[in-house]
Amino acid sequence: MARPSRPRVEEVRDVRREASVLHLDLDAFFAAVEQRDKPSLRGRPVVVGGVGGRGVVATASYEARAYGARSAMSTAEARRRCPAGTAFLGGRFSAYRRTSEVVMELLRGLSPLVEQVSIDEAYVDLAAGEGHDLSVDGVTALARGLKERIAAATGGVTGSVGIGSSKLMAKLGSDMDKPDGLVVVPPGTELDVLHPLPVTRLGGVGPATAERLHAVGVRTVGDLAAKSLPDLVALVGKAHGAGLYALARAEDDRAVVPDREAKSVSHEETFERDLTDLAVLGREIDGMAARVGERLRKGAISGRTVTLKLRRYDFTTLTRSLTLPQPTDDACTIAAIARRLLAEAGAGGGLRLLGVGVSGLSVYAQGDLFAEDAEPVLEAEDELPAAVDEPLPPPERRWWPGQDVQHGDLGAGWVWGRGLGRVTVRFEGPLTPPGPVRTLAADDPALQAADPPDWRVRTMEETG
DNA sequence: TCTGGGGTCCTAGGACCC
DNA sequence: TCTGGGGTCCTAGGACCC
């Protein structure tokens, strides 16, 4: 299996002369989808992320950024900064995924080599596509057309595009003119663009690396390029040092690789309150193991290493893992191992987070041929205490801000707020004008959770 | 009542093997 | 009374990305 190559000096050869790598970054993506589907939020600050006491911001709309809301900030802090009337919404991932798929399909129309980096980001190798004019004018026109098609197909979601001679330059380009930007870095001008930038703009330079670099007087990429390879290796390690040395010279031959295979599957959860009860924690593990097992089976893969992650009350985080002789995709096996790892690690002082993951993945046809030989993974003494039933949550817990709902009489809408046995819903959809707000009983039988609305204007064929 | 969730890659030490 | 060297696997932790 081909490993994605890091840029290494000795390996750089045959550097592209054409601006043939495109990077697309959808603008404030989650918030943009929310504003599309919720007309009353257009032009207003929207924050998408965790809405509980320990939530963080996933995406802030540009209107919310004007007040200082940022990704990765705690939602509590964002609430402090944003004015009344700001919408704080939990994510609707199926809606984001659908919109993302429409965009990725448009990209695949340009080239078979599309590397999706995340739900809202991708690289395209234009040289692998057919019939593209790879001159600066040619790719500029191509990008304009692409941006128009994206906006039309997604109901107005915009993206920023960068095009250059490598992934590095393409990504920097898409970052230079957000939102709705388009920047082509002409081949030959890479160092002129690169060297004035702060080092923190390079991928792989986070807070820890930035601090080390600043300590030796490196603030810009140009400063970085003045450092010797041995100096950088001594500073940040072998692989990272060599990578930075190359990037500072705009030497980047990383290929655009479609369909990377997953290396691990995991699920983790931060609890509203720290948990100490081992019975409750055991039940949480079972739920997470079930989700991980389901995803493994859906992907027809299984893995040998089970990892339990825990974060204690004081935010110290640790992992414990165990590797099996045979891969598994079985939720009970995964849960049994994770439960044992928890019993060994202990929940003293309380846990704010638990996670269950499986790695060491392989495509493995699960057979029971050797099931009888399988060792029992759980000794009786390792069992966590049995679960006790908790009281049912109040009815309003069914609802969360941003959620799509359908009401028997009032039609389609979304949840604005909840509490005290009531739920507030705004009745509108992507193709309606801003709609009215109604407060209903949280247990109103006419109110149901619904699928995301369709944003597409119906075509003649569909209506006729 | 600061600090998510899903990932990737790298490093380093110890066990173990030849 | 001196004690290799290289490779691989496992475990744990850390940095980073979106």
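Using N, Cα and C of the backbone, Cβ positions are placed for all residues, glycine too.
A TrEMBL annotation is a machine prediction, not a hand-curated record.
Per TrEMBL, the features are:
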DOMAIN    A:21-206  domain 'UmuC'
BINDING   A:D25, A:D120  Mg(2+) binding site
SITE      A:F30  site 'Substrate discrimination'
ACT_SITE  A:E121  active site
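Mapped onto this structure are the features recorded in TrEMBL.
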residue	record	DSSP class
A:D25	Mg(2+) binding site	strand
A:F30	site 'Substrate discrimination'	helix
A:D120	Mg(2+) binding site	coil
Compile a sequence-ordered list of residues in the same chain as A:F30 (site 'Substrate discrimination'), six or more apart from it, whose Cβ lies below 8 A from its Cβ; state 'none' when nothing qualifies.
A:V48, A:A58, A:T59, A:G91, A:Y96, A:D120
Which same-chain residues, if any, lie at least 6 apart from A:D25 (Mg(2+) binding site) yet have Cβ under 8 Å of it:
A:D120, A:E121, A:G159, A:S160, A:V161, A:G162, A:S174, A:D175, A:K178
Here the recorded positions are A:D120, A:E121; which one has the lowest number of other Cβ atoms no more than 10 Å from its Cβ?
A:E121
Please work out the mean pLDDT for the residues of the domain 'UmuC' (A:21-206).
97
